[in-house]
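Following: one structure in structure tokens, then a few remarks.
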Amino acid sequence: MVLLRVLILLLSWVAGLGGQYGNPLNKYIRHYEGLSYDVDSLHQKHQRAKRAVSHEDQFLRLDFHAHGRHFNLRMKRDTSLFSEEFRVETSNAVLDYDTSHIYTGHIYGEEGSFSHGSVIDGRFEGFIQTHGGTFYVEPAERYIKDRTLPFHSVIYHEDDIKYPHKYGPQGGCADHSVFERMRKYQMTGVEEVTQTPQEKHAINGPELLRKKRTTVAEKNTCQLYIQTDHLFFKYYGTREAVIAQISSHVKAIDTIYQTTDFSGIRNISFMVKRIRINTTADEKDPTNPFRFPNIGVEKFLELNSEQNHDDYCLAYVFTDRDFDDGVLGLAWVGAPSGSSGGICEKSKLYSDGKKKSLNTGIITVQNYGSHVPPKVSHITFAHEVGHNFGSPHDSGTECTPGESKNLGQKENGNYIMYARATSGDKLNNNKFSLCSIRNISQVLEKKRNNCFVESGQPICGNGMVEQGEECDCGYSDQCKDECCYDANQPEGKKCKLKPGKQCSPSQGPCCTAHCAFKSKTEKCRDDSDCAKEGICNGITALCPASDPKPNFTDCNRHTQVCINGQCAGSICEKHGLEECTCASSDGKDDKELCHVCCMKKMEPSTCASTGSVQWNKYFLGRTITLQPGSPCNDFRGYCDVFMRCRLVDADGPLARLKKAIFSPELYENIAEWIVAYWWAVLLMGIALIMLMAGFIKICSVHTPSSNPKLPPPKPLPGTLKRRRPPQPIQQPQRQRPRESYQMGHMRR
């Protein structure tokens, strides 16, 4: 009997456990599995990786089994998402925050896989991209409140995410009327004189030029300022968890935008510059603009926009609010010209008399009473940022295939900028449509130089082999290399050598087009003034360093000599002399001032041109001149292309004129002249008085006067008189009173 009871209990527990693993987490996730790996062990590994010095110890390893497969994660701290000036701001302080709990990696042995997440208290939370789709890992208590669970985390596949509002009449972004009101408001911005000409200049049409590949660093990174309100903090519980969520969202959109070719503009990335966390303690803070519980989505965006965000490309607020009509996010739409808003927009005055920054947006993780899966929230964030980048909602059959009657097109789903939220499980859900790419390309072309920065991170596809890359031949439309995978290949494969290839020409000139090292006799670098030609060594694609030419070899057009392979010495040193500067104080003309001059060591009085008789035994009468632009005349001027020394006047012509007029020497010279030639000054004074008296006498008889006792003025002789044609004699009319005339004039 006891045995039967135990058997029944055991079967019940197994059945219950199996049912629990198959039950949905909420109405959006229909299947999950539990994870119960050793959290203490992972926490210790995280601490070791955090303190690691060696390259090998910096990697964090996590192994577990779920969904019928094994996950062997190899991860490393991710520093690419946070700028060097990254700060975390709270109501009490601004902190230099440690982001060592943020990791990026891959599945060991699975090419093209990718993982990103955080390790907090020994638990991994994030997403894992595999060839079979993307898996999401989250803490179990976020969904299941039972503390007696035999697992601490849940993992589910993106195919098990079913978002019921994706094609419904509501959910996702705001409706057309909201965007129309926002568009009209954006048109009322008052331009300020501090704006750059690039911001004010309007383009006549799309300017979608293909960019040539360049090896110079591009401004391709949009720096973010992200705030979270007290409700967002309340849901996730800790500061570390909040930052992990922000990191996950930014990494998700970074992956989407980096892999999109915006008409030749590539590698667009994102970096967090500052985070403001409003905790539950800020709920009653009167300075907290987001403290009220019931704020509509438009007002919530307005509160974010009323702050000055000039230091950032974009500024977002993350919240946990259930907005009306299922809205998950809202943002100002950018434009290349004609209206305010979007990336790089500066604070300015608008029609309501308020200064606002319209480079803003908001995101919520709650919809219709339930928290949306991270996948949906990530796509929403990418969607709203797409608005900031200049894309309106997709429309037309070309850009909304999910509404097509063609089953093949409909199966691929809609693109990121579709008006309603998507679950992200369709092929097109993580891509931009051609309509969006055209719009975003115009805005990037116009505005990115106003606030985008260089990422400082290795970029696969820029033609330079950087850290973490084996080779770099560019993108698929640029790569002519048979040895290297181009930048359009998946993660773990791009910018890597193809199997069986020794090298790639992108690594250096000592690799052939057939992916083999050149022989030891082949030249890879021409000789220079101070270095011999470079010769390949047969074991590397890089061209080895060239041997230096002998010291005191002439270089730089015989004006200098080589020292240890560098053109760094003066030609004077070749003959045991020192270089000096010929100065005008020594009686040199402006042409000789641009000669190379030498002197005996410690004897400045011997300074003379190389063409002088004094140094004829060294230079054989050959005059060596300085290079155009070189300083001359004891650094008071520079040599022009005609080898003449042009003096430098830092003050400019206006300052010279001021000095000439107000110079004390000028007035001293005038005073001395007056003393010496007093009689001339006296004669000039008498002549001036007589001239003025004569002018008055002559002109007074022709000047009218109001004095009735004076005779009338005499007409000037020889003046032209205006002849008027004879007028017909008219009968005199009775003059109307002044009042009557004025009233008649007003009536007319």
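Glycine residues also receive a Cβ, built from the backbone N, Cα and C atoms like all the rest.
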For Cys510, which disulfide partner does Swiss-Prot record out of Cys483, Cys484, Cys536?
Cys536
In Swiss-Prot's disulfide listing, Cys435 is paired with one of Cys399, Cys473, Cys479. Which one?
Cys399
Could you tell me which of Cys555, Cys572 is bonded to Cys567 by a disulfide, according to Swiss-Prot?
Cys555
Secondary structure content, the domain 'Disintegrin' (457-551) (per DSSP, counts of residues):
3 helix, 11 strand, 81 coil
Six or more residues beyond either end and a Cβ under 8 Å away: which residues meet both conditions relative to the transmembrane segment (673-696)?
none
Tally of DSSP helical, extended and coil residues in the motif 'SH3-binding' (708-715):
0 helix, 0 strand, 8 coil
